[in-house]
Amino acid sequence: MGALLAKWRAKPSTVEVLEKMEKDIQSLEEFRDKNQKLRKIWVARLFFYSTILYILTSLTVYLWYLPGGMTARLLTTLLFLLFPVLIWFVRTLLILWFSRRTERNNDALELLKAEKKKILEEVMEKETYKAAKIILERFDPDSRKIKELELPVPGPPITPRPGQDLRQRTAAQRNISVSTPVNPGQGSPQVSGLLAATPALQRDTSAPGGPPERSVQPTPQSNILQRRPGSPATAVSGMALHPPGPPLARPILPRERGAMDRVIEYLVGDGPQNRYALICQQCFSHNGMALKEEFEYVAFRCAYCYFLNPARKTRPQAPRLQEISFDRQRQRTDSQGSVNTLQLPAADQLENQQSPEAMEEDSPAQAEEQAIEEQVIEEQVTEEQLIEDQVIEEDSTCSEQQWEEAPDDTEKDNLPAAEVNPSLPAPAANESEESFMETE
């Protein structure tokens, strides 16, 4: 009769079985923790009470019950020596007993966990997607099987444009170079499922003679599969179409620095903490570090998208030494020309200061004398200009050090006034005065 009633009873569902197993597992884990605490408590109590008892008995025996015979004293000392050994033996027994209990508890816990894992695998095989997902989220949240169930949804097919050839490339041809997955047991069905579910996303529309066009972006999981190690995380989809660019002007330093590199950076004072990062303006990739002094004046080409990033500022350039010497010569020539122009009006004023009576009494002889005087003045002016040109040529040939080494005051006194200061036309003024006196 009991067998018939047992057959008529309905079997418990998987959720009920898992709930019961979850409760048993929790109780076993609590018992294990409690057993560990009890072992520590009992061992500590044993040591505490045994030491107190040992001290009290030794004091009482020594003060009141110390025997007088030699054999009795030896027996009492032997008992006092055996008491610590007895306590140590009791401690080992307690530890063995509690360890045996924990081993039995752990065995039962492992059996329950194995049964639970087996039931969850059956749920993955037999139950529907929705029910299996609910059960796994409730009883096994840390499992990776939930991610296996979340397959990507295939996107709509791409319609070709008129006048263009549709090139269909299967996902298997594109993902030949994909590396093996991390989980070997679960990687092959996942990759095959993704490849079978996303054939439409791998289509490209391209016209003959034109660049390929991509209108649909792949799913994140397919991106994860197609991404190779070493490629930047912020790569643009159209960057794969660009041809490889020129090589970099400078090598990119590795991120991981060794102990020797750190010591050298500390001694020299040149490390990542003293540099600025070179970030590409287009793909925002890291292209190494630059010094603080050179950061604003550095122009670089990105190592990933080959975009030329211009410098933030232009470096100021110092003028050349030849230009400085030419500027000095120009200033000197300008000052000398102004002095010459002042001399000529002075001579004209002296001639015009003659009285009108003398101008009326001019004879042909006086006109000839004036013409001779004018020729003499012109010759003097030309000689002064030649001397000034020679001085300028000597100044241009000499270096700046020769200019700094000026002659002594005694030598300046011995030299004539025209050579010491060529800008002062003293002889010309004296000769013009003498000629004016002769005409008078």
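Each Cβ is built from the backbone N, Cα and C atoms, and glycine gets one as well.
Range with Swiss-Prot annotation coiled coil, chosen from 16-40, 191-215, 241-265, is 16-40.
Among Ser177, Ser396, Ser432, the residue that Swiss-Prot annotates as phosphoserine is Ser177. From Ser99, Ser179, Ser423, the position flagged in Swiss-Prot as phosphoserine is Ser179. Secondary structure of the zinc finger (280-305) per DSSP (helix as H, G, I; strand as E, B; remaining residues coil): 3 helix, 8 strand, 15 coil.
For the zinc finger (280-305), the predicted model reports an average pLDDT of 87. Assigned with DSSP, the residues of the topological domain 'Lumenal' (67-77) fall into helix, strand and coil as follows: 8 helix, 0 strand, 3 coil.
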